[in-house]
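Beneath this line is the structure, given in C-alpha cells, with notes to follow.
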C-alpha cells in the first residue's frame, strides 16, 4: 500500500514562499513524475513528502495516516538521491543492508534480502566492492537496491539520472520503469527533463513557481495542455507561439503550434507563413529546422530526414488547423 | 611536466632547498651522535675522550629513564584521548547552526594561539594554584581543602594543560572533516531509519576516521617533545614524577652539565620517536590510504 495525499501543503524558507498551496492525490502503485524548470519547488515538494523538510502548513497523508510531522524513518518511504548518497566506507553489500541493519532484522533475513535485491539489479558480482570502484550506473543501481530492500510504501527519486551520460540514462530509464512494473509500488520521480517525465510516468505533475500547473497522464498533457506554460514545457522541441494579429484570427490572445504539426513546402500554399531557414539540425531520422518567420520570430519545425535544407532556403509553413492550441491573455487554454 | 628537460630543471631548482634542509637536519644529528660517544661534562672538563657506550648505559640504566619513558607515553596518550574525544564532541556542537557561530569558533580556537609557557603560567597561577587559583577558590567555596595540583598530581596537571592547548587543534581539524560530510549522506541515513547515535557511529565516525588519524599523528609528533609546560610549572618534579624524555635530556645535559649523557638521551629520544611513529603508522596509517 502506498497512497500519498497532500492537502494544502505550504512551505516557506523564511520570507520566501517556495510552495504556496499544493493539494495532490497520488494513488497506490502509481508512477508519478514531478517535472518543472529549476527552482520550481519540485525537489522541495519531494523532500516534504520524505520528511527531510518541515511543512509550514497543510497535511501530508500516507495511506490515510497523518504523517505531516513524522520523522523520515517512520514514514516508511525510500529515497534515491541525485548524488546516490552511498556510504563510501561500506561495501555494496553493507550499503544495501544498512536500512535492514537499522531495522534490527536477523542476519539471515538481511543476507537473503540483499542477495535477492542484488540479483534483481545485476549487482551480485559487485557485492564486496566499495562504491568508489563502481561506475555511475552501478552506483545508481546500488542506491536503488538500498531503497528496494526495505519494501517501502513508496519510492522517491530525486533527479536520479542527471549524473549519468546520455546512453546510460536511457538504459536506467527503462530499468526503473521495468522495476516499477515488477514491484508495483508507488513511485514519485522528480526531474527537469520532460523526456523522462513523458516516457516513465503514469501521471505527470507539472510544477511552476511552486504551483501545480497541470496533473494528468503524459498524453493528456501533450494533447490538452491546460495553459501556455504546460504547452511550452511538454513536447520536444518546444511548441512555437504566435501572438498578435495572427492569433486574433483564431480568436485567441496567442496560439501555439508544435514543431511536428506543420506542413512544410517550397512554394506558397493558402494560409502558409513564409520563412527563411536559419539552421537545419539533421538527426538522420528527423530534421529540426529553425526558421525565421517574419514578425513571428524564430520557429522550430520538425520534418522527416529525407529532404535536405540549408541556410537561407525559403520555405512555407502551413500549421495543421486541427492542432492549433489557443490561449487567452492569462495563458489559459481555450 | 614529463619531458626530460622539465624534470632536470625541476631537480636543479629544488636542489638548494633540499640541500639546506638536509644540512639543517644532518649536522645537529651527527653532532649529537658524536657527543653521545664522548666524555664531555662541563663540571669535569679534564675528563675527555671516547666514552664508548658509557653514556648510553648511564642514561638508560638510570631508574629515572624508565620513569621518564612511562611519563612520556602517559602524557602523549592522555592528551590524545582527551583531545580526540573532546575535539569530536566540541566539533559536533560547533557544527550545529547557532547565533554568533563565527565568534564562537574563534573563541574555541583561541587557546591554540597562546604560546606554551604563557599557557602554562596561566594555568599555574590562574587556575591550579592552591592559594589564589580558580580551583583553589572553588574548593574553598565548597568547604573543601584546596588541592596543590602540581605537588600532588604533577603529571595529571601537565596533561590537563597540554590537552587544553591542543583541544582547539583537534576541534578545528575534526570540524572541517565534519563539514565535508555530504548532507545527502546524512539524509540518506535518516531515511534508512538510523537514529542520531547510529548516524554518528556508522556514518559520521567512519567519515572522520582520516581526520582523527591526522590529528593523532600530528599531535604525537609534538607531544613527544613537550618541554615548556614542564619547565614553567613543575620543573619535572617532584622527583621525576613529571619528567618526560625531552625534559630528562634537558636535566641531564643542561642542569647536570653532562653534555655526553644528554646527547645519548637525545639519540635515545629520536629512536623512541621513530618506534612510536612505526607502531602508530601500523595502527592508524591504513586510514590515510585513499
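For all residues, glycine too, the Cβ spot is worked out from N, Cα and C.
Automatic prediction, not curation, is the source of TrEMBL annotations.
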Query = If you check TrEMBL, which stretch out of B:208-228, B:229-249 is marked transmembrane segment?
reply = B:208-228
Where TrEMBL places transmembrane segment among the ranges B:106-123, B:124-141 = B:106-123
Request  = State the non-local partners of the transmembrane segment (B:208-228) in its own chain: residues 6+ outside its ends, Cβ under 8 Å from one of its Cβ atoms.
outcome  = 72, 75-76, 79-80, 83-84, 87-88, 115-117, 120, 158, 162, 166, 169-170, 173-174, 176-178, 244-247, 250, 269, 272-273, 276-277, 280-281, 284-285, 287-288
Remark   = Tertiary contacts of the transmembrane segment (B:259-281), defined by C-beta under 8 angstroms and 6+ residue spacing from its ends, are 29, 32-42, 51, 55-56, 58-60, 65, 69, 72, 76, 216-217, 220-221, 224, 245-246, 248-250, 252-253
